[in-house]
Every structure is written in C-alpha cells, then in structure tokens.
Amino acid sequence: MKIAVLPGDGIGPEIVKEAVKVLNVLGEKFELEEAPVGGAGYEAKGHPLPDSTLALAKEADAILFGAVGDWKYDKLERALRPEQAILGLRKHLQLFANFRPAICYPQLTGASSLKEEIVSGLDILIVRELNGDIYFGAPRGVREAPDGLFAGSKEGFDTMRYSEPEVRRIAHVAFQAAQKRGKKLTSVDKANVLETSQFWKDVMIDVSKEYADVELSHMYVDNAAMQLVKAPKSFDVIVTGNMFGDILSDEAAMLTGSIGMLPSASLDKNNKGLYEPSHGSAPDIAGKGVANPLATILSAAMMLRYSLNKADQADRIENAVRKVLEQGYRTGDILTPGCKQVGTVAMGDAVVAALRNGPRPG
Ligand code: IPM
Ligand code: MG
C-alpha cells in the first residue's frame, strides 16, 4: 500500500508528521513517499503542483494531504498560487466526491459558538461535488461585455454548468452514503433562480427512484445556510454542488466549534482518495507547535477505511482520538477550562499512547 504524503504549507508539515507517526505504529506495511505541494512545490520546483508530485499522487493508492496556502504567495499569478495544487489534484485524479463530516464530539460541545442543545450530538455529512460547477466551468475570464446594460465595458465572468453524468455520479455516492447512515438526503440547490440547479434537482429526483429506502428532500441554499445554524441536527446527509458545498461545509464545520477536529475525503469512482483536514494552512500559527493534528490523524483514519480497506485500523485510530479527548488533552483551539493544554507533538504522542494501550484488531 503506497501512500503519497503531501504536507504542503503553513501548519501542513507539523500536522502531517503526527498523522504519519500514528500510521507507523499500526503494525501495517505502508510505503510512504513525500513530495512538495502548494507554496512548497513552488519553492522547490517552480509550480504548486510539480509534475513529479502529480505522478506520485497518480501512482499511489491514497494521498495524505496537509494544507496549502500562505499570504506570501498572494501576489503570484493565479496559475502559480498554492490553491491550484489542490484544484489540480482534484481535477487530474477525478476526485469528484468530497465527504465532509461535521461531528460535535460530546467532550467539545462547549467549544461551539452555538448553544449546547443545538449542537450536542451533531453528526452530519456534507457530500460536495468537486470536479464541476463554476469552479471549473468554461468559458471564464475578463472580456468586453458583449451585451446587457453595460455592453462594451470590461467584465469578469465564470460559467456554472453541470452535465448529467456528473450529477448522476455524485447523486449515487450521496444516496449510498445516506443508506449507511440515517437514510435522509437533502439536496441543496438554487433551483428558484438557476437553470443548472433546476437540472441538478431533476437528476437527483430521477436517481432517487433507485434508492427507495432513502428519503430525498430539496432545499434552497440560502435556506440551508439558515437551517444549519437554526437546527443543524435536522440534517443527515447533504449533497450539493462545488460552490455551495464550499460555503456550507465551512459553516457546518464551525458549528462543531472545532474545525481542527474535522477530516475530509475526496474520492474517485474507484474509492482512491485524497485525505486532508477540513481546516486550512493557518500560516499565523505555523511552526509554533500549537496546531491541532487531530483532523489530519482522523483523515488518515478515513483513508484506511475508504481507500485501503482497513476499517478495523480506522476504528482503532478513531477510538484512540476519543480516548485522548476523554483524558482531557486539548490543543489551544479546543481548550475549555479544566483540560490539559498540549501542543501538536504531545497530542500526536497521546494518540500513539492510546493506540498502544487500546485493543488491537483481531
Ligand atoms: C476547500 C478550499 C478550496 C476550495 C480552495 C483552497 C481552493 O476552500 O477545500 O474548501 O475552494 O475548494
Ligand atoms: Mg473551502
């Protein structure tokens, strides 16, 4: 099992190091190979997604990704900015299905900015389409407006589009995810305004005929944004397009009060995947040893479950993380009174200790 390890920028290297430490004590034979990506790719090879990094990602069975981005690259032309690395990997590897769980751990309900009763026990899953929509739709650019009230003046434009196979494949992924959970799927769109959204909705309804056991409902994205803060527990699985999913998944993550805890997976049609924490590169705290490595450690668990067929090892890691929370270990981002504040490395060590002391797979 070959794992491409792409630490990236900011806190990426420190948190990935802890996840690698955890992988290395499982007693499995993983071949881990590291490569630069994002700003680190640009520094090393002149491109955020160097050819050698892309080649490694393609040949590996799974990718463990840290984070990319740093303010110091803001002045680079768009094609060279760190974000292009993650967009390029998603596109080149056809990682179209993005799983973003938002779970409020019982020990951390106090860390949420919402009232405890609204978020305690929260466990929802956002399935975000990752290869289409206005993110990748052509044409795009800056031009002279060909029509409209301001015809002839300069305008910026992008294109929102979704083809039927694109919507179908994410619909199947979402319905199947809902089947394994609470059997409720909410498709989020803006069908009251957008043609693309009406089309998305019609395809969802068509695919739903194959999943009689899943209850499908539809919600406009503005209402979904409201319901997520009003009654987040009323959701089970949400499926939505690339743009709406980007926004709603940040909102959902923040409900839990601990974006530093949330892993994510981006899968292709064969369940090969890229695994990364839901948070970003946090350049302001990079190198200080205070970042929370748990989202990356939990991403490694997702990798074991979805791409490497090692659900028992994934369970072990998730149990170990629960254990360290019970023991009261907290990094600064999830600290509440009465807990033990630790840094990045000590948190990784605590997970390793919990793994060593916990039950092993049969
Ligand atoms: C995310 C990020 C990316 C996105 C950026 C870094 C391009 O916000 O993974 O949600 O917009 O998809
Ligand atoms: Mg985002």
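Glycine is no exception: its Cβ is also placed from the backbone N, Cα and C atoms.
TrEMBL entries are annotated by machine, without manual review.
These numbers come from a predicted model, not from an experiment.
What TrEMBL lists as domain 'Isopropylmalate dehydrogenase-like' is 2-351.
Secondary structure at D222 (substrate binding site), as computed by DSSP, is helix. Counted within 10 Å of its Cβ, the other Cβ atoms near D222 (substrate binding site) come to 13, all protein chains included. Per TrEMBL, the feature substrate binding site maps to R90, R100, R128, D222.
For Y135 (site 'Important for catalysis'), the count of additional Cβ atoms within 10 Å of its Cβ stands at 19 [all protein chains shown]. Feature annotation from TrEMBL assigns site 'Important for catalysis' to Y135 (among others).
Secondary structure at K190 (site 'Important for catalysis'), taken from DSSP and collapsed to helix, strand or coil, is coil. Shown in sequence order, S197, Y220, V221, D222, F244 are the residues of the chain, 6+ apart in sequence, with a C-beta less than 8 angstroms from the C-beta of K190 (site 'Important for catalysis'). According to TrEMBL, the feature site 'Important for catalysis' maps to K190 (among others).
Annotation comment: TrEMBL describes D222, D246, D250 as Mg(2+) binding site. In the three-state DSSP assignment, the secondary structure recorded for D250 (Mg(2+) binding site) is helix. For D250 (Mg(2+) binding site), the count of additional Cβ atoms within 10 Å of its Cβ stands at 16 [all protein chains shown].
Taken from TrEMBL, the feature NAD(+) binding site covers G280, S281, A282, P283, D284, I285, A286, G287, K288, G289, V290, A291, N292. Of all Cβ atoms in the shown protein chains, 18 besides its own fall within 10 Å of the Cβ of G280 (NAD(+) binding site).
For the binding-site residues A282, A286, V290, the largest tally of other C-beta atoms within 10 A is found at A282. R100 (substrate binding site) falls within a strand when secondary structure is assigned with DSSP. Non-local contacts of R128 (substrate binding site) by the CB criterion (under 8 A, 6+ apart in sequence, same chain) comprise N98, R100, V239, T240, G241, N242, G245, D246, S249. Here the Cα atom of N292 (NAD(+) binding site) is found 17 Å from that of D250 (Mg(2+) binding site). Between the CA atoms of D250 (Mg(2+) binding site) and G280 (NAD(+) binding site) there is a gap of 11 Å. Annotated pair A286 (NAD(+) binding site) and R90 (substrate binding site), C-alpha to C-alpha distance, rounded: 25 Å.
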